[in-house]
Every structure is written in C-alpha cells, then in structure tokens.
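As recorded in TrEMBL:
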TRANSMEM  40-62  transmembrane segment
TRANSMEM  69-90  transmembrane segment
TRANSMEM  171-194  transmembrane segment
TRANSMEM  223-241  transmembrane segment
TRANSMEM  261-281  transmembrane segment
TRANSMEM  288-306  transmembrane segment
TRANSMEM  312-334  transmembrane segment
TRANSMEM  355-378  transmembrane segment
TRANSMEM  398-419  transmembrane segment
Amino acid sequence: QLDPFYASIILFVGRAWDAITDPMVGFFISKTPWTRFGRLMPWIIFSTPFAVISYFLIWFVPDISRGQVMWYLIFYCVFQTLVTCFHVPYSALTMFISREQSERDSATAYRMTVEVLGTVLGTAIQGQIVGKVVTPCIQSPLFISETNTSASMRDVNMTHYTGSLTDTRNAYMVAAGVIGGLYILCAVILSVGVREKRESSELQSDEPVSFFRGLKLVMNHGAYIKLITGFLFTSLAFMLLEGNFALFCTYTLGFRNEFQNILLAIMLSATLTIPFWHWFLTRFGKKTAVYVGISSAVPFLIVVVVLDSNLIVTYIVAVAAGISVAAAFLLPWSMLPDVIDDFKLQHPDSRGHEAIFFSFYVFFTKFTSGVSLGISTLSLDFAGYQTRGCSQPSEVNFTLKMLVSAVPVGLILLGLLLFKLYPIDEEKRRENKKALQDLR
C-alpha cells in the first residue's frame, strides 16, 4: 500500500547503496586471507542466514501507520548488501576452479543455466502461492455512479478487498519462507560441493598491490569498460521487457489469465537455449554469438506491438525473447574471464583483483534491475496507472508499448554498437592463453 513514488525512491536509493557496497565487498574479499574453506566460501556461508532473514522482512508488512517507507528502505538495503556478500564471491568462483578458458566457459554455461532455472522456479513458487489468493480488479471511479446501490456495492467490494489484501500479505510471507529455505539449501550444496583452487588464479610473478591502485588499474582497463558498458545497455533492455511484459499482456493485449504462462515461456526458453549458445560461442566465437543472439529479439519485439492482439503470436515472441535473454546473460559473463586474463598479461605484477572485476559486474546487474524497475514505476505512475485496475487509460497502454518494444530495441542496438568496440576476439583469446601459460 505504498505510493508508487516512494516505491521508486526505495529502489533508486537501494541501487545507489549498491554502488558503495559492491566495490567495498570486492575490496574486503581481496584482503581476506585464505582459510581451509578458501577465500570466497566463508563470505557465502556467513552471509546466507542473515540474507534470508532480511529477505523475509522485505515481504513483512509492519503494523505501523508511519515509517513503512523507512522500514522497507532499510531492509531492502540490508538485503542488497548481504546478496552482494553472496553473489560477488559466488561469481568470482569461476576464476578459482580452473585455469583453462574452455573449462571456465563451460562452468559459466552451467552456472547461468541453473541461475535461469532458479529464476523459473522462483517465479513458479511465487506465482502459485500468491496466485491462489483471489484479488479482484478495481473498477475505475469514472464508471461508478453515485447511487445508493453503487455505494452499498462499493462497501461490499471494499470489505472483499480488505480481506483479500490480508490473504495476499500472508501468501507473500509464505512464499518468502519457501524461497528462503531454498536459498539456505542451495548455499549448503555450494559450500559442500565446491572447492577453491588457490593456484588457479595466481601467476609466478604475482606481487600484492594496494586496493586503490588495483581499482584504478581495473577501471582503466579498456576491454573491461567496453564490456560492462555494452552489458549495461543490453541487460537494461531485457529487464525492461521482462519487468513490463506481464502488465503488457494483461492490459494492452488483454490476456489477463495468461501472463504467468507467458512469463514462464520466456524463462523456460532461456533455460533450454543456454547450452545451445555455449555450443555456438565455441563454434563461431563470442562476439559473433553476441550479435546473433541479442539482435534476434528485435524483429519479434516490433511484431508484438505492430500486429493485433494474438495469443499465438505472443507466445512466439515470448519464446524468441527467452532465446535472446539466454544469450544476453550468458555471453557477457563468459567474456569476463577473458578480460581478466588480458588484464593479467598487461599487469603481471598485480594479483587478487578478480573480486573487483566481478563486484562491479554484479553491481551493474543489480543496477540495471533497479533502473528498470524505477523507470517502469515512474513512467506508469505519470501515465495514470491504476493499481489492480480492471482497465487502464490509453496513455498507460502506449507507455507499456514503449517499455516492451521501442525502448528495449533502442537499448539493444546501442549495446551491440558498444560491443563492436570490444577488442578481444577469438584470435586474441588464443594469444592470451599461450602467453599466460608461458608466464606461469
């Protein structure tokens, strides 16, 4: 029951907070001594229980008339910080399990397949538990006459609304408990099943340098800057699409009862096609895979807006979007280890900066998610969006078309243009691999 404006403020502040915590966590990880569990695994183990508690409190509605904004702002920032303590070392594990580029690429493909599968599982759990609560849509006041009969009907509807709101709150907390349990289970499997190899990331000539000098070196590395900039725009495009596709299906296309299945089609398509993109990048190269995979969504995004409402066409677009989503999230992560190898060759006297590379990558992932949610919420609020309304003004339908088609297409084209500047092709990868072997 928060005003959409305050919800946007919470999201923006939370992402700004990430701008501070992500590099700080990377710094502390780079300074963490090796233990019998490794350097990264203790961060994952100790952050997990606190992350689960803060996640549950995000979905809890406190019984206070004032201060709800501060409640959600505080616990949202705490949760984002604890997720950083998990996600940065988890992502950086790729560099600590093997020296071989092919093995790192394979590990990245497996990791992204399971991450997308986890998103499908989370979507299904949240959708099924919360979806069982009947939440009737609300008629616009313009269509309610001021008669005694309509007044009494409004009283009945309000009573029904209050009861369903309580049930919805309880359903969200149940879903949070289930997902929190899965969080703990997966963290246990990870900590028991994965072992870090200290020698995988170190060179014979390594000498420690200060964090701030290392940070300056990392942020001045041209290949890294070009990669994360292209990644920023393509990720924002697909997050805008995913974040608004349910509303687009419900109001603009009129498929109120199908949007959960359509969203599931996107995520299942992404899960199933990640192995294909892993084969494609090994066969044709990573830059070619980026161009083909991400650009393949553009014609379908245009078609879904131009053509009249059609359920079959919508499902085809959903599957096509999922194929591109798989490429957009797998390929930049598989290219990051190549950038780190390139950095090591240019700066052989620096070591321990893997966490810094991955921390900024994690930050941009969460930053694009927050920017996407903020843009969507503010745009729809300005367009006159009515929460849980049975219908929406024409301005809202136009805004939704922009958010799922025109804006993502523009961001995809901009991101691909930036990827064009990325200097590490397949020939450069092979040269770096041989040079690193000689250096070791």
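In case you wondered, yes, glycine gets a Cβ from its N, Cα and C as well.
A TrEMBL annotation is a machine prediction, not a hand-curated record.
Model, not experiment: these values are computed from the prediction.
Taking pairs at least six residues apart, the transmembrane segment (171-194) and the transmembrane segment (398-419) share fewer than three Cβ pairs below 8 Å and do not count as touching. Counting residues 6+ beyond its ends, the transmembrane segment (40-62) has Cβ neighbours under 8 Å at 25, 29, 32, 68, 71-72, 75-76, 78-79, 82-83, 85-86, 88-90, 92-93, 96, 169, 172-173, 175-177, 179-180, 183-184, 187, 190-191, 194, 196, 355 in the same chain. Stretch with the largest number of CB pairs closer than 8 A to the transmembrane segment (261-281), among 223-241, 288-306, 312-334, 355-378, 398-419: 312-334. Long-range contacts of the transmembrane segment (223-241) within its own chain (CB-CB distance under 8 A, at least 6 residues past either end) are made by residues 290, 294, 297, 301, 321, 324-325, 328-329, 332, 335-336, 339, 342-343, 357, 360-361, 364-365, 367-369, 371-372, 375-376, 403-404, 407-412, 414-416, 418-419, 421-424.
Long-range neighbours of the transmembrane segment (355-378) within the same chain, counting only residues 6 or more positions beyond its ends whose Cβ lies under 8 Å from a Cβ of the stretch, are 4-5, 7-8, 11-12, 14-15, 18-19, 22-23, 25-27, 29-30, 40, 80, 83-84, 87-89, 91-92, 95, 211, 214-215, 218-219, 224, 228, 231-232, 235-236, 239-240, 243-244, 332-333, 336, 339-340, 343, 403. Within its own chain, the transmembrane segment (398-419) has Cβ neighbours under 8 Å at 226-227, 229-234, 236-238, 240-241, 243-245, 247-248, 251-252, 287, 290-291, 294-295, 297-298, 301-302, 304-305, 375-376, 379-380, 383, 385, counting only residues six or more beyond its boundaries. Sequence-distant contacts of the transmembrane segment (288-306), counting only residues of its own chain at least 6 positions beyond either end whose CB sits under 8 Å from a CB of the stretch, comprise 230, 234, 238, 241, 277, 280-281, 313-314, 316-317, 320-321, 323-328, 331-332, 401, 404-406, 408-409, 412-413, 415-416, 419.
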